[in-house]
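Student: Let me give you the structure first, and then I'll get to my questions.
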């Protein structure tokens, strides 16, 4: 800053003398105005240079003949200011005026004519019209080649400018070729510490940065920096640029502390060297904000982005593209904070400026549409997201060459929306187009190629094609291991995604191994409150939940939640996800009141933060419905499932898999209500969607067949049940690894039908197959292993082998005691089953003891009208019946009946059984009229 004020002081002294000594239209007076304007231009105060350049221009227009070279220079300077102000049409107008004079005044190969072509090319480059820019840069270059010796620095500048266009076009090999030609000339023509040589190293570094070779980029940026340190004073703005570029390389490498260190060094120089409202100071604040954004410190990011914006508002005209960038970056932070309405507001402000400032096919306009699309995607409005992504894509197709990386990115974004919409074939098509471009445009180990493999893997994972998903996630990981430093956050993401596939495959130890690798990197690379660290804890928690280790799951979910509470605003959607996950653990633990509490907390946030038709809101309603289903409040369950379903119908395409799940859940409630025809209707609707939306071997298709089989089994149509269970089983065998828990469930279901058919040897055979898988796949105290022992015990009970039945029921019970909280409904079922065997063995006091233990749990765990409480009363009544204590039996049977009448629809089989049991008592008590009345009710 000191140098500029000094320069201004001397230029103004010169001007004051000339003003007194010369007539008012003397060319030297114009020269004075021009020099003062140049200083203001370098200071970034664009309104001031325009004022002085125009004063200079007026004098030249009066004092000089119309084709004088100084007039051309004057027009050129005015054009330069308009270009800096982002007013490209005005810049072009003045550069062309300058050019017309030079064409008339100078010989056709004069270097100043080349400068003219160069400046026009520069404007077209800034306008994103790269073919035009190239055309003018090449005209400039042809003149330089003829007019100048082969090692002239201006020829180096010409090669440099052509390289810059190729870099913007995404043709990195061409860019490197021209930058290296430029560098070779500068090495010959200039002393070893010349600033232009530093510029050369810098540009070569920029290409390596764009091709993802960050270590190479750093090497060249540091070479550039070493020259600048020797050649320039310590507070020169170019030294700040040098620190800035090194900071950018560290940012891409994921070394955020280093990036911050260099960005701050850059900022310190700019604060000293430049006026406080200089656009480069705004750039400094912007870059520091970008690092804080990557670090997940959104309040800090917002603070720096707003500082940047305030400067740009003062320093730049209101429609300058950099002002649009400012609004865009603030929008980005609000998007990351989950404040989508704010994000949209700022992205739209950015878009309005971009529309006014830039030509209709400028790549920055495409970026603007893209960002608006991103918010709509996060808001769950996929049709809107698609609309904006496609607008962006059309511009990119027109503005950029067919293999430009930005075109690949565009296909990628469209693919992500199709993936979220459940249109996996479309998603795959777009991601593969993206991949084809990246393969041509980028070196084989570029991080963007890794991202592309990752996205294809994500689609295959959603399609249930886990081996394919794993293949692409591993390809992605191999690239990242080569291209990025070992603790880069993207390497952590790779491990995370591989872990997610293993989790879906039921290989929990593998999943845990990869999630922990991911977590270790994030702990080193990220600050302790970064949202991605919370994600890491969350994923580890999810595995423990699937493994049935609920206390561990809760521990990790709570760690995740603590970070989110510190890092995110109170209504951020990720905080809702956190409450939701804890609710799921409490649900699996059978603590339904806690589950409801957390799911409702999640719902409150989502209702405030998300649009009324967002799929996550549907997910919240669904989860609350699930809790009501398990506590036996079926009308409430249906109410919430239907709320969820209405949102899915509006938000998702008609064949989206989540819509299938929604039908399935409603079917599940009707199944529990004993309304089997309606349950079947909804299960079949779910199945129709899944058949259309999913590949033929998707696990969810097996789940559909399984649910339909379940209904047929319950209504006693065993051949039909078997038919559907056997359809489900081959899908599981093809889609899942041989020890996947879902395959065990499949064997279990087939075993259940054979049990109900009275074919106990067959039942035992399938239950044992199921048990063998559970033993291999799950930890020794997993509740599903308890269920497996229970089912085998049931068969032995039905076979009359009571000692064996008790043995397996007790094995089941031991697991439940270790794995579940003391009031879990499954523990009550366990006591109940042991009681049932003792009842069958005629040991009624023992039977009563276990039935009462079961009852005590159910009373605490479930609401007073839950059907399971009625079953408990019924079982105790049966013992008293067998003991000949008919009055006691009647008391318990009537308690059971009151609950069944309130909780179940009038045609439910359990209600018929209840009336029948009361009828039996009256019959044994010789009250035949009463007995007949109840038996008739049972019919």
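Numbering starts at 1 and runs along the chain as displayed.
Any Cβ shown, glycine's included, is placed from N, Cα and C.
The model shown is predicted, which means the values in this text are computed figures rather than measured ones.
These came from TrEMBL, pasted as-is:
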REPEAT    30-63  repeat 'TPR'
REPEAT    114-147  repeat 'TPR'
REPEAT    156-189  repeat 'TPR'
REPEAT    198-231  repeat 'TPR'
REPEAT    282-315  repeat 'TPR'
REPEAT    366-399  repeat 'TPR'
REPEAT    408-441  repeat 'TPR'
REPEAT    450-483  repeat 'TPR'
REPEAT    492-525  repeat 'TPR'
REPEAT    660-693  repeat 'TPR'
REPEAT    744-777  repeat 'TPR'
REPEAT    786-819  repeat 'TPR'
Student: Under an 8 Å Cβ to Cβ limit, what residues of the same chain, 6 or more beyond the ends of the repeat 'TPR' (786-819), are close to it?
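Tutor: Tertiary neighbours of the repeat 'TPR' (786-819) are 548-550, 744, 748, 751-752, 755, 758, 760, 763-764, 767-768, 770-771, 774, 780, 826-827, 829-831, 833-834, 836-838, 840-841.
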Student: Please work out which recorded stretch in 114-147, 366-399, 450-483, 492-525 has the most C-beta pairs separated by under 8 angstroms from the repeat 'TPR' (156-189)?
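Tutor: The stretch with the most contacts is 114-147.
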Student: Can you work out which residues elsewhere in the same chain, 6+ from the ends of the repeat 'TPR' (366-399), have a Cβ less than 8 Å from its Cβ atoms?
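Tutor: For the repeat 'TPR' (366-399), the list is 128-130, 324, 328, 331-332, 335, 338, 340, 343-344, 347-348, 350-351, 354-355, 360, 406-407, 410-411, 413-414, 416-418, 420-421, 610-611, 613-616, 651-652.
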Student: When you scan the chain for residues with a C-beta under 8 Å from the repeat 'TPR' (450-483), skipping those not six or more beyond its ends, what do you find?
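Tutor: Contacts with the repeat 'TPR' (450-483): 212-214, 408, 412, 415-416, 419, 422, 424, 427-428, 431-432, 434-435, 438, 444, 490-491, 493-495, 497-498, 500-502, 504-505, 657, 694-695, 697-700, 735-737.
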Student: How does the model score the repeat 'TPR' (198-231) in terms of mean pLDDT?
Tutor: 94
Student: Under 8 Å between C-beta atoms and at least six residues away from its ends: which parts of the chain pack against the repeat 'TPR' (492-525)?
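Tutor: Answer is 254-256, 450, 454, 457-458, 461, 466, 469-470, 473-474, 476-477, 480-481, 486, 532-533, 535-537, 539-540, 542-543, 546-547, 736-737, 739-742, 777-779.
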Student: Counting by DSSP secondary structure, give me helix, strand and coil numbers for the repeat 'TPR' (450-483).
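Tutor: For that range the per-state counts are 31 helix, 0 strand, 3 coil.
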